[in-house]
Amino acid sequence: MWPPRFPPPRPGMSEETRQSKLAAAKKKLREYQQKNSPGVPAGAKKKKKIKNGHSPERPTASDCQSPENVPTDHIAPAPPTAATDTMFLGVTPSPDADLTQSHDAGNCSNLMEETKTFSSTESLRQLSQQLNGLVSESTSYINGEGLTSSNMKELENRYQELAVALDSSYVTNKQLSSTIEELKQQNQDTLDQLEKEKKDYQQKLAKEQGSLREQLQVHIQTIGILVSEKAELQTALAHTQQAARQKAGESEDLASRLQSSRQRVGELERTLSTVSTQQKQADRYNKDLTKERDALKLELYKNSKSNEDLRQQNSELEEKLRVLVAEKAAAQLGVEELQKKLEMSELLLQQFSSQSSAAGGNEQLQHAMEERAQLETHVSQLMESLKQLQVERDQYAENLKGESAMWQQRVQQMAEQVHTLKEEKEHRERQVQELETSLAALRSQMEEPPPPEPPAGPSEAEEQLQGEVEQLHKELERLTGQLRAQVQDNESLSHLNREQEGRLLELEREAQRWSEQAEERKQILESMQSDRTTISRALSQNRELKEQLAELQNGFVRLTNENMEITSALQSEQHVKKELARKLGELQERLGELKETVELKSQEAQGLQEQRDQCLSHLQQYAAAYQQHLAAYEQLTSEKEAIHKQLLLQTQLMDQLQHEEVQGKMAAELARQELQEAQERLKATSQENQQLQAQLSLLVLPGEGDVDQEEEDEEVPQSSLAIPEDLDSREAMVAFFNAAIARAEEEQARLRVQLKEQKARCRSLSHLAAPVQSKLEKEAVVPRNVDDSASEESNQALHVAMEKLQSRFLEVMQEKVELKERVEELEHCCIQLSGETDTIGEYIALYQNQRAVLKARHLEKEEYISRLAQDKEEMKVKLLELQELVLRLVNERNEWQGKFLAVSQNPGDVLTPVPTGSQEFGAADQQDDLREVSLADDIEPAQGEAGVPAPHENPTAQQIMQLLREIQNPRERPGLGSNPCIPFFYRADENDEVKIMVV
């Protein structure tokens with residue numbers, strides 16, 4: 001309350017009344033100061049704040065005028081109470097000044113309030129000065145000094161002014177106190193909000209860090225699973241590559257066998273040398289194909305020249321044949337002369353021999369004439385066959401030219417494919433490098449530490465970056481797979497190119513051999529010409545003429561044999577080329593199938609990864625609700641260990657199967673080695689047969705020995721066994737060995753026929769020797785006549801012939817004995833060969849049985865793996881259904897829980913008792929603890945009579961239990977283990993109930 005105005009003191013007023021009034025005024029002033037004391041220091045603090053904010057300096061209540069600043073006419077010692085009161089007005093501190101200072105530091109709207117507080121303090125200062133003056137006047141009045149009326153008026157005016165100033169200051173103080181209280185309240189509210197925001201922010205940070213850690217763990221697990229799957233795929237690829245390499249090794253073996261068979265090819269290899277050189281140059285120099293074409297054209301031109309030379313040689317041979325025919329006519333003349341001489345000799349010998357001997361000589365002459373006629377017809381047939389062979393040779397040359405053009409086109413196509421593959425490989429490598437750089441940049445960004453106070457927004461950006469990183473990982477894996485496939489294709493192409501280089505080198509070597517043989521043939525032709533000149537000089541001898549005809553016949557036989565060999569070699573080469581093309585096509589198809597399987601597996605891996613991502617997203621959503629489900633997690637770990645044991649058992653079974661496969665392969669290799677040994681034995685026996693045939697050829701008569709020797713030399717290579725390269729089945733091997741045995745038997749029969757012929761020749765020689773010997777005996781009895789000289793010469797000739805016949809007869813008999821011994825040895829060798837073929841057939845049967853067993857095991861393994869994959873897919877489908885049902889059941893439970901909470905919040909509206917399940921929920925909410933909720937129960941607050949329904953009344957719970965029973969008891973799936981896979985956030989207990997921890 002503001003003190004009332006007092007009238008001015010009168011001059012005659014007593015000192016006691018004045019002192020009492022002053023004391024009352026001081027008391028009221030103190031009360032007023034005590035009431036308004038909280039508001040005054042605020043202004044002082046604000047002024048101090050303005051000084052700290054570089055505002056212009058203003059006087060405060062603490063800087064009020066001291067008693068020395070009062071005018072001299074008012075100077076008087078003031079009482080201590082007034083001085084202390086004035087100091088209290090300007091110096092009293094406030095406890096909330098710091099809060100207001102911290103809260104209003106940057107607000108420009110409080111400047112007007114500060115000016116108001118400044119004016120109130122100024123008015124208080126003036127009031128204190130007036131009080132000091134009044135006190136000084138009172139003291140002066142007490143001391144005996146009189147007051148004038150003017151002073152009294154001034155005092156009254158001052159008093160009125162002070163009253164007005166006090167009223168205004170009171171109003172302003174009230175306003176300031178209200179504003180201060182409002183500011184305090186605002187400051188307190190802002191502090192509370194800041195604390196709440198800090199707590200919320202810390203909680204959000206903790207939740208986000210937990211979720212990010214869980215996501216990182218999940219990503220680490222998925223990466224580990226993907227790495228394991230990648231390792232499995234790599235092992236599968238390694239197995240397929242090993243199988244492909246084995247097939248390539250088999251193809252190399254086949255190629256080596258083909259190369260051994262090609263050594264006997266003659267003119268075919270000469271024409272194929274162009275193709276081989278082109279292939280070799282294409283493999284070595286992929287860019288110099290045009291130069292190689294020119295070289296091949298030159299070689300073709302040379303070959304055409306060589307063909308023309310051969311034609312010229314054939315024409316020369318024809319001319320020589322004509323000369324031989326002329327020589328034959330001359331020989332016939334000589335024979336006629338000899339016949340005349342023989343007739344003369346017969347006339348002379350008629351005296352010493354009987355008519356029977358003369359008749360035998362005539363028969364011999366007739367037989368010689370018939371042989372000459374037969375030889376002439378045979379020569380004409382040889383000429384016709386030579387012409388036919390020339391025509392066939394021209395046809396073969398044309399066919400080889402067409403094949404060479406086809407091979408040139410194929411080589412060009414292969415070079416283009418290699419170039420395109422190199423370009424694709426470089427492009428893929430660039431893409432991989434770019435992806436690696438982008439991955440490194442993303443990893444560096446991910447490894448950078450997050451800011452201390454990240455906002456709530458960047459989580460989405462991080463998720464986007466993670467998605468991009470996963471996509472880049474997928475692209476990188478896909479590109480690496482493509483790059484590996486490209487590398488494998490390049491390796492296969494390089495391997496094929498190397499094989500073709502080896503073949504071309506062998507063909508070149510054979511061409512060189514053929515050129516050397518051509519030179520040798522030229523030399524042989526020259527020697528033949530020289531021999532024929534010598535033969536033309538000795539036309540008188542029938543024996544030499546027979547040898548020439550035999551040589552011609554041998555040449556014809558050689559040509560026919562070479563023709564047959566060339567045709568057979570061509571057919572075999574064509575067949576081999578077809579088989580190689582078919583095998584190449586099969587290998588390419590297998591490679592394509594492997595690529596498709598790899599792509600399918602990669603797609604399946606991507607699908608599984610997407611499913612895992614979906615499952616992980618669901619798990620992250622429910623991870624906060626099921627964190628403390630430790631018992632179920634331990635059970636799941638035990639199940640995981642059991643599954644791991646099952647997987648180990650399966651891997652052991654797979655290792656056993658692989659070991660058995662390796663054993664089967666070793667057995668197959670042993671059988672193959674035994675086959676090779678048998679083939680070597682067959683070759684040795686064939687060589688022995690050749691040696692025997694050569695020895696037999698030495699036993700032929702001197703007149704016909706060369707002919708038979710050359711025939712046997714031509715028959716030996718025909719009887720040599722050519723082991724085929726495609727003996728895969730048992731039937732083929734048995735047929736091959738039966739054919740070999742039949743061929744050996746044929747050779748044995750042929751040798752027996754030769755023995756019979758030798759016997760017949762020996763008999764004929766004995767018959768020829770008998771009349772000559774009788775003639776000699778008769779000559780010894782008959783006396784010599786006038787023609788002693790002629791008879792002596794004829795007797796000497798006959799004696800020499802007899803000696804030769806006797807020596808030849810003895811040699812033939814010895815050779816006959818040796819031939820019998822050799823025939824017995826050959827029969828023994830044939831018996832051994834038949835026994836060895838039987839053992840080889842048994843080995844082949846064992847190999848086929850082992851191969852069938854391995855195939856059956858492999859099929860069983862594939863069926864088991866397919867069954868496991870099918871069970872895995874079915875288990876995935878069931879788990880997805882189970883997850884959907886659990887989510888549906890959880891949603892229903894949440895709905896019923898919400899309904900129950902609504903009912904529990906309004907207990908007055910519900911008359912029925914609350915079921916036990918709802919009481920448990922209320923207790924859980926009050927205690928803020930975790931509680932186990934059975935999914936088999938379905939809490940449902942009923943309207944009317946409340947009760948807990950049975951588990952079988954809820955269809956979702958029934959479906960969940962049915963799926964869990966199917967998963968735990970897979971009776972229809974023998975391939976799966978006894979412990980099924982169940983996600984870790986739920987599991988059935990002994991009562992077939994799923995318990996979930998609810999927060």
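The backbone N, Cα and C atoms fix where each Cβ goes, and this holds for glycine too.
The annotation region 'Interaction with p115/USO1' is assigned in Swiss-Prot to 1-86 on the grounds of similarity to another entry. On the 0 to 100 pLDDT scale, the model's mean across the region 'Interaction with p115/USO1' (1-86) is 51.
Feature annotation from Swiss-Prot assigns region 'Disordered' to 1-80 (among others).
Among the features that Swiss-Prot reports, compositional bias 'Pro residues' is placed at 1-11 (among others).
The dimethylated arginine feature in Swiss-Prot is assigned to R18 (among others). R18 (dimethylated arginine) is surrounded by 15 other CB atoms, counting those within 10 A of its CB over all protein chains shown. Secondary structure from DSSP puts R18 (dimethylated arginine) in a helix.
The dimethylated arginine annotation in Swiss-Prot covers R30 (among others).
What Swiss-Prot records for S37 (among others) is phosphoserine, and it gives similarity to another entry as the kind of evidence.
For S66 (among others), the entry in Swiss-Prot reads phosphoserine.
Residues or ranges marked as coiled coil in Swiss-Prot (evidence: sequence analysis): 147-895.
According to Swiss-Prot, the feature region 'Disordered' maps to 244-288 (among others).
Marked as compositional bias 'Polar residues' by Swiss-Prot: 271-280.
According to Swiss-Prot, the feature phosphoserine maps to S273 (among others).
Under the three-state DSSP scheme, S438 (phosphoserine) falls in the helix class. Within 10 Å of the Cβ of S438 (phosphoserine) there are 15 other Cβ atoms, across all protein chains. The phosphoserine annotation in Swiss-Prot covers S438 (among others), and the record cites similarity to another entry as its basis.
Residues annotated as region 'Disordered' in Swiss-Prot: 444-468 (among others).
Positions annotated as compositional bias 'Pro residues' by Swiss-Prot: 448-457 (among others).
Swiss-Prot lists S697 (among others) with the feature phosphoserine.
The phosphoserine annotation in Swiss-Prot covers S934 (among others) and is backed by similarity to another entry.
The separation of R30 (dimethylated arginine) from S438 (phosphoserine), Cα to Cα, is 81 Å.
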